[in-house]
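What Swiss-Prot says about this one:
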- HIS64, GLU67, HIS161: Zn(2+) binding site (BINDING)
- GLU225: active site (ACT_SITE)
Amino acid sequence: MFHELKQSKDFLALTLAHPQYLSESFEFDLGEHTHVEVWDTGVIVFSPKQAKHSKDIVLSCAVHGNETAPIELCNALITQILSEELTLAQRVMFLIGNPAAIHNGTRFIDENLNRLFNGAHSRDEGLCNPERIRAHKLEQYVDRFYASQSGERQRIHYDLHTAIRGSKHEKFAIYPYRPGRKYSREQIMFLESCGVNTILFHHEPTTTFSYFSSENYRADAFTIELGKVFPMGQNDMTRFIAMKEMLTLLMTGKDLQLPEFDLKRLNLYQVCRSVNKHFDDFEFNFTNDVENFTAFPKGYTLAKEGGKAVKIEHEFESIVFPNAKVPVGQRTVLMLKTADDSNLD
């Protein structure tokens, strides 16, 4: 496998050739400058040997296997590093979240992987399916990556996705709930420079991958939506040039040249509530082609279930991630209201 990767420099191909696991981990050096470790299928770590690094960066993709643009983006960056076109100045771990689902061409195999972090994988039925086992392993890899360095360091985790539904804001990011910690203006402007100018501030703990890293390691973590789902090879990668350029600057230690914080360049939303499904007959009162961030007025009947109406409570609320087909007990939609910059640092 070592020789296969050294020759092809295609980490995605190696991962998809071994979607369940690698028979052994391996490591090697790139010249005199970078140490490379492959811990498992879809798990590769790059550590600068010479540079005095101060950041530990996790870039994850394919937590949902059919969200292909982030997979192609991450694999392109990995190939550039393995080809020594990029010399890193910071530690970086790339995670290809659900190789079996990529191989299958589906969002997941048995269960939504991004509902299984922060220990959720071991609740109820326990480690009973591929996603639960993978979530447990991914948590261990993140812990190992962050815990191996001591002292004052910045921990970053960008979990990259694409959305099933069209959106009034093509690219947006979810900033996990972080009680007692203000949100970072610098991180928000980094995302704005990546072409992600819409930020959702979450209102409660969740079981997402980004929340896991934020809560347990105080990482600057985000779930980042980069547009709409397309089949592998059919993504217009020119739409991700800014993201790739900024990630390259971050990893190689170059000056990010971030603009001053400017509210006029941003769309800020506060998640005001989650609407969970309580009955099998849950249905939305809008068509399937309604876009993310569509706003509805107070009193509008958003959905119906169990003979009762779910109504809009604030003057206006916007929707994101509506999905009536989730199992009973899970979230069907996040409701948003506009936010200001009062909770930013």
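Each residue, glycine too, has its Cβ placed from N, Cα and C.
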- In the same chain, outside HIS64, GLU67, HIS161, whose C-beta lies within 8 angstroms of the Cβ mean position for the Zn(2+) site? CYS61, ALA62, VAL63, GLY65, ASN66, PRO70, ARG107, ASN114, LEU160, THR162, ALA163, VAL229
- CB within-chain contacts under 8 A for GLU225 (active site), separation at least 6: HIS161, THR162, ALA163, SER167, LYS171, PHE172, ALA173, ILE174
- Within 10 Å of the Cβ of GLU67 (Zn(2+) binding site), how many other Cβ atoms can be counted across all chains shown? 26
- Message: According to DSSP, collapsed to three classes, what secondary structure does GLU225 (active site) have?
- Response: strand
